[in-house]
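A.B. asks: Below: one structure in structure tokens.
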Amino acid sequence: MIYLDHNATTPVDPRVVEVMLPLFTERFANPASKHAPGQEATRIVERARREVASLAGARPREIVFTSGATEAANLAIGGVLATAEPGRRRILVGATEHPAVLGAADAAVSAGSAVSADGTTAAERIAVHPDGTVDVDDLRRRLGPDVALVAVMAANNETGAVNDPRPLVEAARSAGRCCCADVTQALGRVPVEFERTGVDLAVSSAHKLYGPKGVGALIASKDAWSRLAPRVHGGGQERGLRAGTLNTAGIAGFGAAARIAAESMADDGTRQRALVALLTELLVKRLGPGAVELNGPVRARLPNTVNLRFVGAGADEVQACAPRVAISAGSACSGGGDEPSHVLRAMGRTATEARESLRFSLGRATTTEEIRTAADLVARAVLRVRSLSQSTPIQDEVRDDNRASSNSLNRGSAASKES
């Protein structure tokens, strides 16, 4: 299997596993305990806090550990709304945001803790340009005294589009509004400067940068901290903002992953950008320049990511015809629905064009040989999908072919045993 879906999740780095393992069976104490093992656990957590803060360009005291970016987004959005003035209840979110952010914002509007200018039950979407970057002019038009929060991602999970945070933060700050950035895909892949950009809140997750699943962080500036109300109540951990026994092993893994990412990010980015260019070149050469279209910016993009439309070939069918390559037709966090990508639709793609698009997201261990093989397999799959009769369900035919191949192999194995 050639795994090219690292924006969905990454394997845990063996060096991270090495840090985590002793914390399950040997150094397992609760960081809230006052005895020596508990204090050792506290030191482990605080070391990880410093490592995550360093990678994010933040201060350690600005890091709040959570169960992941989804919880962090809910804490950011719900926490700000809980303390917002009665006349300041609108939320503005980028149209291409991750489902975690969109879901949290829409839920706040549905529950009545937030409102939308048009009276709908969804948070207002800030338009994006055809390349997927946020339209700052549309943000400025929507800003008003009744806006509580602006949420815009640093880098998109489907197209890799990277937003310049400075004009977005300047627009929000000029109106005196709180600004939240989803840095989940950016952290560890491109430089993130939380304090320097002036963002109030940021959310992230360990499993996107070779750390464990089930741990993430909300980054909150000193000013934003005072605007947040906790969403989880209990023992008062994380300075009262996120109750619950700390996941020491997961947090330590997050810290180790952040430290490793800081050391390797520049070299990884250079190598992955070259491999993405090679992949695109090979596919265009094989299929023709008019048969492959780029979704997203040419340059302002994550170095490991490219989203391509294969004209006339459905993404699901291409995936079925290339089972040896793990690629994605959209966000893995959107519940696996059949709707076309909301990201590509917001960029102006038709439903058909969106359904013909696939995301390739490379990883730290991706090789040139894997890219050449993947390009060949995907190109073959695209050509096959186009050649198959429209009257034949492609996925059914592929399953039949795979079953026949499996039966043939089984017969060969049985014959070998008989002989």
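For all residues, glycine too, the Cβ spot is worked out from N, Cα and C.
Got these off Swiss-Prot a minute ago, pasting:
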type	residues	note
ACT_SITE	C333	active site, cysteine persulfide intermediate
BINDING	A69, T70, N157, Q185, S205, A206, H207, T245	pyridoxal 5'-phosphate binding site
BINDING	C333	[2Fe-2S] cluster binding site
COMPBIAS	404-413	compositional bias 'Polar residues'
MOD_RES	K208	N6-(pyridoxal phosphate)lysine
A.B. asks: Roughly how many Å lie between the Cα atoms of Q185 (pyridoxal 5'-phosphate binding site) and K208 (N6-(pyridoxal phosphate)lysine), rounded to a whole value?
C.D. replies: 7
A.B. asks: Can you check which residues sit near A206 (pyridoxal 5'-phosphate binding site), meaning Cβ under 8 Å from its Cβ, same chain, 6 or more apart in sequence, and list them in order?
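C.D. replies: Residues satisfying the criterion: G68, P212, K213, V215, G216, G250, G253, F254, A257.
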A.B. asks: I need the most crowded of these recorded positions: H207, K208. Count other C-beta atoms within 10 angstroms of each C-beta and give me the top one.
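C.D. replies: Comparing the recorded positions H207, K208, the most crowded Cβ belongs to K208.
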A.B. asks: Please compare the binding-site residues T70, Q185 by how many other CB atoms fall within 10 Å of each one's CB, and tell me which has the fewest.
C.D. replies: T70
A.B. asks: Three-state secondary structure of T245 (pyridoxal 5'-phosphate binding site) from DSSP?
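C.D. replies: The three-state answer is coil.
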A.B. asks: Considering all pairs of residues in A69, T70, N157, Q185, S205, A206, H207, T245, annotated in the record as contacting pyridoxal 5'-phosphate, what is the maximal C-alpha distance expressed in whole angstrom?
C.D. replies: 30
A.B. asks: Going by DSSP, is K208 (N6-(pyridoxal phosphate)lysine) part of a helix, a strand, or coil?
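C.D. replies: Going by the DSSP assignment, K208 (N6-(pyridoxal phosphate)lysine) falls within a helical segment, counted as helix.
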